[in-house]
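**Q** Got a structure for you, questions after.
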Amino acid sequence: MKKIQFFDTTLRDGEQTPGVNFDVKEKIQIALQLEKLGIDVIEAGFPISSPGDFECVKAIAKAIKHCSVTGLARCVEADIDRAEEALKDAVSPQIHIFLATSDVHMEYKLKMSRAEVLASIKHHINYARQKFEVVQFSPEDATRSDRAFLIEAVQTAIDAGATVINIPDTVGYTNPTEFGQLFQDLRREIKQFDDIIFASHCHDDLGMATANALAAIENGARRVEGTINGIGERAGNTALEEVAVALHIRKDFYQAETNIVLNQFKNSSDLISRLSGMPVPRNKAVIGGNAYAHESGIHQDGVLKNPDTYEIITPALVGVDKNSLPLGKLSGKHAFNTRMEEMGYTLSEQEQKDAFKRFKQLADAKKDVTEEDLHALILGQSSESHDAFELKHLQVQYVTGGVQGAIVRIEERDGALIEDAATGSGSIEAIYNTINRLMKQDIELTDYRIQAITAGQDAQAEVHVIIKDDNGTEFHGIGIDFDVLTASAKAYLQASGKSKTTSKQADFEEVK
């Protein structure tokens, strides 16, 4: 039985999703959940890309105790040095180095000849190997590279000291047959590869990321890269939950095992979905809302008689608890903290106290506090605790001729209170125009989404917004409140605050 490593790049490639911007606290929270999930390697970021990314990688490297942490680097000595510095506290540090090998990338992006690319690979892999025990090399755009040159580039990297060779399908171009053959060719042509781990990194542009990753495993890959929920730029990345469950359910075929704790996938998926602002489609494989729903009468009858008739994956396998009991205003601190742990949250003593206080306030406002309410409670506490601006007062009123007015007061991080008013064609527009005046920003609202966290008249509203600044950079914000307008204001203020305070990352090319 072969062992397959899982390499998660949610915090690096997943964050390249338009509108997704995790801060340090959110990234640490995600990394700790990935550790519980049993991920073997967490790609924490691209250390040299910005001071913020460097600090995130450094913080994650220090927080993670039971799996490897890696950072991305170009074939540049300064990148490798910066990664080494960021990862110095990691229990098991690795480095991920990339350089494009396709003709189109070499000619138009790198402006390098094949000989120059090979020389750069040799020098920088050797340089990195002096600092890291595990060095992964990715020939970017491998699936559109000339096969003979790709093999030469991979051999050069191995000869220079690379221990992991990752094959990126950068633009989601390949298919399972071609991708599987590529791994066969590498294993046949590469000399002395017995100790080398081959890996796949697939994108879903043609809807084949999971199938391609499984084809790679069939043909010798022992590491799979991807993200939770398959998030990533364009159509996204390989969804790790799909690969892991496929390997488990079809162990008879793949003859593979992993370190993944399958029943942590629901917690992981929920956390990523809420922090990224990207809802999981109901028909999503493995963890979608409809994955275990049966509409057909024939299917329902069969499942009631024997679940094996139509269910190949039990809800409990991936952590879906259909029998979870709600908490109420009489629930104690122990029951609350236990449920938090079951849901995958790691809270400090002070965070537990703050969360329990919020829980009691919530329990007074509604009869039953469900798991969805608890996720929202923690998310709201997490987001508000480190926002640069806090909503202190909101007043909306009708002006005339269908025009609405809004008065908004916010508190800055230094405690200063600022207030302004503006009008709009509706309540939401009036609120957002007022916040724009307060923040002195000219930003565009590109997405607004509202959902009830639970059913019933006492449901909280969860509002997600995405805004775009003058540079075209998108920022996500979330607001939670029983009042829809207040939730909308919180979401927009959070996104605006991120836009105002977040330092822009340097324009570096990354593995796609």
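Cβ coordinates come from backbone N, Cα and C, glycine included.
All annotation found in TrEMBL is predicted automatically rather than curated by experts.
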**Q** Out of Asp8, Asp13, Asp23, Asp420, which does TrEMBL tie to the same Mn(2+) site as His201, His203, Asn237?
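**A** Site partner of His201, His203, Asn237 for Mn(2+), according to TrEMBL: Asp13.
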**Q** For the binding-site residues listed here (His201, His203), tell me which residue's CB has the most neighbouring CB atoms inside 10 Å.
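**A** Of the binding-site residues His201, His203, the highest Cβ count within 10 Å belongs to His201.
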**Q** Indicate whether Asp13 (Mn(2+) binding site) is helix, strand or coil by DSSP.
**A** coil
**Q** Sort out for me which one of Asp13, Asn237 has the most neighbouring CB atoms within 10 A, since those are the binding-site residues we care about.
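**A** Highest number of other Cβ atoms within 10 Å: Asn237.
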**Q** Give me the mean pLDDT over the region 'Regulatory domain' (390-512), rounded to a whole number.
**A** 87
**Q** Where DSSP helix means H, G or I and strand means E or B, what are the helix, strand and coil counts for the region 'Regulatory domain' (390-512)?
**A** 31 helix, 51 strand, 41 coil
